[in-house]
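A.B. asks: Sharing a structure, written as structure tokens. Questions coming.
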Ligand code: GLU
Ligand code: ZN
């Protein structure tokens with residue numbers, strides 16, 4: 001790229017609770033944009049809300065970003081020229097900027113009480129007038145201020161909005177104009193002196209020389225205020241330029257309602273616990289508002305980065321579709337090499353998730369079955385139910401499976417199958433298949449019907465990994481003992 005200033009984007013979450021998928025999508029688009037343009041990703045922690053932010057959420061946020069495979073060029077743990085990157089450690093900076101804004105006449109103390117503001121807002125509404133802040137304290141005289149102070153009133157700091165419309169070109173949504181009466185003077189510092197998001201977010205974007213602000217559509221309405229604040233910061237020599245803004249589309253959940261942070265489906269931890277691969281989840285999330293190509297939904301993250309362009313981000317709301325997320329994740333599971341797949345399954349194979357005792361785990365059997373499991377799973381947590389038959393002394397019969405597979409005549413079929421399996425070559429799944437096929441023929445059953453009771457007898461379930469490979473890996477002795485046990489149960 002010959003022309004432009006280097007790209008500097010930021011990801012700046014507040015550490016309030018579990019990370020959610022909307023946040024991950026925002027992080028992903030910023031990260032991909034930075035990497036695609038060989039720019040800089042700034043990771044900033046917006047933890048100025050002491051009541052809602054917690055150290056635990058902060059740790060969880062960092063852990064999530066690492067798990068997802070994101071790296072950042074400036075921010076926590078890596079530092080950078082604009083350190084510190086936690087807003088709770090930057091309070092002096094905001095205090096200083098707020099003072100400069102007041103000195104320059106860009107902001108002023110507002111002494112209105114909540115009751116007064118509410119009453120005037122109600123009155124304006126009733127009169128059909130705009131109901132934002134009415135500018136009551138815009139031009140208080142020194143005497144008026146003294147009088148309020150003498151009354152013991154507290155004040156917030158308000159930013160003075162210019163009396164003109166704001167027009168900007170959103171990188172996703174095109175040109176946007178907001179009339180002055182819809183954006184009134186707004187608070188930037190609380191009565192207790194704590195700076196608000198409205199101040200600290202654009203101030204840090206300015207100081208950190210952010211060139212592109214990419215974030216969720218819910219923040220679109222704060223943009224005209226931020227642009228006005230930027231202009232003031234430029235006049236004060238604090239900011240260099242106004243960044244470009246791009247607002248990513250809403251993500252819709254069940255029933256076409258906006259996916260909310262509190263929605264269980266929105267929780268990143270849920271996807272981790274269910275065994276999504278980070279690359280599978282990111283592949284899916286990248287499709288929420290962006291597309292790789294008209295006919296390809298599955299791709300690697302490096303390929304996504306190579307193609308990522310804001311021009312391809314769509315302004316329409318995106319629908320979160322769990323089935324599709326799982327299908328894409330399944331494709332990513334298939335794409336791993338077997339060794340990586342086997343390693344990725346480890347957390348589920350080790351207690352306490354597993355339905356077998358740690359000493360029952362059989363590494364050789366696992367290595368043998370892993371390639372077959374890899375072709376079947378949608379999410380890694382499904383591994384336990386698929387391989388537990390190998391490790392437990394006896395299968396645990398799933399009741400519906402038993403009822404479904406063990407019908408009238410199943411005992412006769414199982415007896416024949418047992419005899420034929422006993423005579424088969426247990427080093428060849430083909431030979432085991434022929435045995436069950438032949439047993440089925442004797443009883444007028446196709447392979448599918450004939451193998452169901454065998455499968456349930458040996459694994460406990462009607463659904464599972466390829467049966468004949470499973471039998472071979474389990475071994476003749478155990479398999480035949482289980483068929484005997486099922487026969488005993490059937491005739492009891
Ligand atoms: N900390 C803000 C949030 O939680 C950042 C918003 C922005 O990207 O400007 O949404
Ligand atoms: Zn006021």
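Each Cβ is built from the backbone N, Cα and C atoms, and glycine gets one as well.
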A.B. asks: Tell me which range among 258-262, 263-267, 268-272, 273-277 TrEMBL lists as motif ''KMSKS' region'.
C.D. replies: 258-262
A.B. asks: Of the residue ranges 13-23, 24-34, which one carries the motif ''HIGH' region' annotation in TrEMBL?
C.D. replies: 13-23
A.B. asks: In whole Å, how far does the CA atom of residue 139 (Zn(2+) binding site) lie from that of residue 261 (ATP binding site)?
C.D. replies: 41
A.B. asks: Can you tell me the three-state DSSP label for residue 261 (ATP binding site)?
C.D. replies: coil
A.B. asks: Report the binding-site residues (112, 137, 139, 261) that meet this criterion: Cβ distance to the nearest atom of ligand 2 under 6 Å. Use sequence order and write none if nothing qualifies.
C.D. replies: 112, 137
A.B. asks: Compute the centroid of the Cβ atoms of 110, 112, 137, 139, then list the same-chain residues not in that set whose Cβ lies within 8 Å of it, in sequence order, for the Zn(2+) site.
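C.D. replies: Result: 108, 109, 111, 135, 136, 138, 140, 158.
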A.B. asks: So what's near the motif ''HIGH' region' (13-23) in sequence-distant terms, Cβ-Cβ under 8 Å and 6+ beyond its ends?
C.D. replies: 45-47, 49, 52-55, 57-58, 60-61, 64, 216, 251, 259, 261, 263, 265-269, 271, 285, 320
